[in-house]
Ligand code: TMP
């Protein structure tokens, strides 16, 4: 099997950090080569753009924001993701282009067709082999975000924004069920862990 490109995504407060550890342990236990990375970020240019993008003081229009996400992604693909995959190393990215469709498309209102055009331009044929989509009801997401002492630029958005973000994630997953494992993350940690592990087992044929 070729090296796999796996992404983890979902609305803020869906439990990505906790479940990244689950994924990390899964790869470690099986001794599979893997590189963990994140978006926006993953390279010096990407991390610099992340600072700008998440800073509540940043004032950027919706297209500027979208282009910055793709600029970070372009560098990330060219210098990290593509070389790892072609060297036989699996890649797990904490967020990827689904987040642009959901946040800039759903949340901000950038036409999804424009995002799809940038996706084709920047990524060529590269798409995740599997996207683990963590899903929680809006109230859970909002409650978890409210616990953060310092909210980033996206976490400061109102509930209606996150409703639109979540809707886009779920509709994308429904439209391509072979690529997505939608995980109900509003359960006991242990149950969520089992669901993620079984999605990985199924994808890798274990
Ligand atoms: P996180 O590391 O906590 O997930 O924060 C990243 C934030 O950036 C999160 O609120 C989602 C947002 N984001 C976008 O709006 N578009 C994107 O394309 C990506 C990758 C992230």
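The backbone N, Cα and C atoms fix where each Cβ goes, and this holds for glycine too.
Some features that TrEMBL has for this protein:
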type	residues	note
DOMAIN	8-196	domain 'Thymidylate kinase-like'
BINDING	10, 11, 12, 13, 14, 15, 16, 17	ATP binding site
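Note on the domain 'Thymidylate kinase-like' (8-196): mean pLDDT across this stretch is 97. What surrounds the ATP site, by Cβ distance within 8 Å of the Cβ centroid and not counting 10, 11, 12, 13, 14, 15, 16, 17, is the set 134, 136, 141, 144, 185 from the same chain. When secondary structure is read from DSSP and collapsed to three states, residue 10 (ATP binding site) falls in the coil class. Around residue 16 (ATP binding site), the same-chain residues at least 6 positions away in sequence with a Cβ under 8 Å from its Cβ are 8, 9, 10, 94, 95, 134. Contact annotation for binding-site residues (10, 12, 14, 15, 17) versus ligand 1: 12, each with CB under 6 Å from a ligand atom. Taken residue by residue with DSSP, residue 17 (ATP binding site) is part of a helix.
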